[in-house]
Each structure stands twice: as structure tokens, then as C-alpha cells.
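Look at TrEMBL and you will find Glu80, Glu84 tagged as Mg(2+) binding site. Summarising the annotation, TrEMBL assigns domain 'Nudix hydrolase' to 27-156.
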Amino acid sequence: MEQVQLVDRHNRPRGSAPRSVMRRLALWHRASYIFVFDAAGRLCVQRRTSTKDIFPSGLDLAAGGVVAAGEAMHVGARRELFEELGIRRVPLHWCFNFTHVSPGLHLHGGVYRVRHDGPVTCQPSEVEAVEWWRPEHALAQEDVTPDTRAALAQLLEAGLAPEPT
């Protein structure tokens, strides 16, 4: 059973719990967000599967997920990037940490970006499909997960999205 790193509202570790308990009780936890951009400045947008425990069939603007108990944020980010999209051996650039609260979701997130121009290999249990969109177009979609929307908006506002080459 997957154990999730729990934290308090100030991001101080507070033990662990099974993922199902964290979701059911909307407990504070940590999550990683990895925005994948190609050389043209397009963003890799994922369609979540209908079986996801939160935001089924929604659009994810970042790879990532909950941080496992005892796991460092950057280690979780690399793990999620490989699990969801099959991407590894790319420089992982930390951008910022942020706090997100929405109905049923309380988290402290670590935001990263990578550049990747190669193929992606979707994890069938989590990712239905991917498309490459301009970040502004992605933000304009209605069915975007609220946490990835907030993180991308903050990334763009801070001028941290890579310039097209």
C-alpha cells in the first residue's frame, strides 16, 4: 500500500498515511509538478485516465504526483516523470515551491521544468494521451486540474517558462 508523506499547513513533516486515507480526509501532503516543454515552447499536456482517484479524465498540465513517505521532492519528481511519460536523463530545473488549496486538496508542491524533444511513453493506468500545446492555450481549457492550472499560471507570471529556440 502506497504511503504518502503527510505535512502540516506549514509544510512540516507529520508522518505518513495510505494514499486512500490522505485523499478521503483531504490531508496536507507534498506533490511534485514537472512541466515538460519542447524546443518550440509547447507544453506536454496529459489527458488523465477515467480511473484516476482525483480529477478523472481531466487535463494535467504537468507530470508529477504525491511524494512518497520519506522521499525527497526532487526524487519524487524524477520518479513521476519517468513513470508517467517515460522521460529520464534530462536536466530537472527547480522553479519554486507553492501551496495549493482547493476542495478536497491541500498540498505543498515543488515545481520543476524540463525540456524534452523526444518521444513520450504514456503510463496506461494514468495517462490516456498527450498533446503538445502553447501554455496559454492549455490554461484556457475548462477541464484542467486546478493544481496544475495554478502552478502553470505562477510559472508563467514569474517568467520561468523556457523561450522557444
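Don't overthink the numbers, they just go from 1 along the chain as shown.
Backbone N, Cα and C atoms are what each Cβ position is placed from, and that goes for glycine too.
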Local Cβ density at Glu80 (Mg(2+) binding site) - other Cβ atoms counted within 10 Å: 24
Residue distribution over DSSP helix, strand and coil in the domain 'Nudix hydrolase' (27-156): 29 helix, 51 strand, 50 coil
